[in-house]
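J.: Sharing the feature lines straight out of TrEMBL:
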DOMAIN    1-109  domain 'DNA-directed RNA polymerase subunit 2 hybrid-binding'
DOMAIN    111-189  domain 'RNA polymerase Rpb2'
TRANSMEM  56-77  transmembrane segment
Amino acid sequence: MTVGKMIELLGSKAGVSSGKFHYGSAFGEPSGHADRVEAISETLVKHGFSYNGKDFIYSGITGLPLQAYIFMGPIYYQKLKHMVLDKMHARGSGPRVMITRQPTEGRSRNGGLRVGEMERDCLIAYGTSMLIYERLMISSDPFEVQVCRNCGLLGYYNHKLKTSICSTCKTGENVSTMKLPYACKLLFQN
């Protein structure tokens, strides 16, 4: 591709100068249809340009010649439709997925901005622990659980008795409240 662009620059410069089309595809070479670089360079020389496509140009500001040769010529560029106005998206709050309690995906569903594995790794490498906590916990799916300090398993909070109880130990003496992402709680329960 890079070499093709260089040949296209030479061919288009020669084509504009001579008023002829140049066929510069690498696929036409065995059949003899493609223009050779040497032939394109000879056309450039006939019209007063350098053999290799580099030109000596003058500064538009000072009027003095630049201290280097510049390789230039007309070339085709396709403008893609990807515009910032079509892609920009931000969200303060919005809908969440029922199962995981995390923000929905996608701009069309007013979803959250994803912090994936690689982004998380970069944040860890820079030591931004509070930003990691905010992105992966507070802005995502915070949830309070009761954890037994004896067995380490999840318990539950009894709203009638207003006490925390461990399901395994059947007591509420060594149960602590802990905050973690809801997805983590789902993982522990499966």
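Heads up, residue numbers simply count up from 1 along the chain you see.
In case you wondered, yes, glycine gets a Cβ from its N, Cα and C as well.
TrEMBL does not curate its annotations; it predicts them automatically.
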J.: In the same chain, who gets a Cβ under 8 Å from the transmembrane segment (56-77) while lying at least 6 residues past its ends?
T.: 5-6, 8-10, 12-13, 16, 50
J.: If you average pLDDT over the domain 'DNA-directed RNA polymerase subunit 2 hybrid-binding' (1-109), what do you get?
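T.: On average, pLDDT over the domain 'DNA-directed RNA polymerase subunit 2 hybrid-binding' (1-109) sits at 85.
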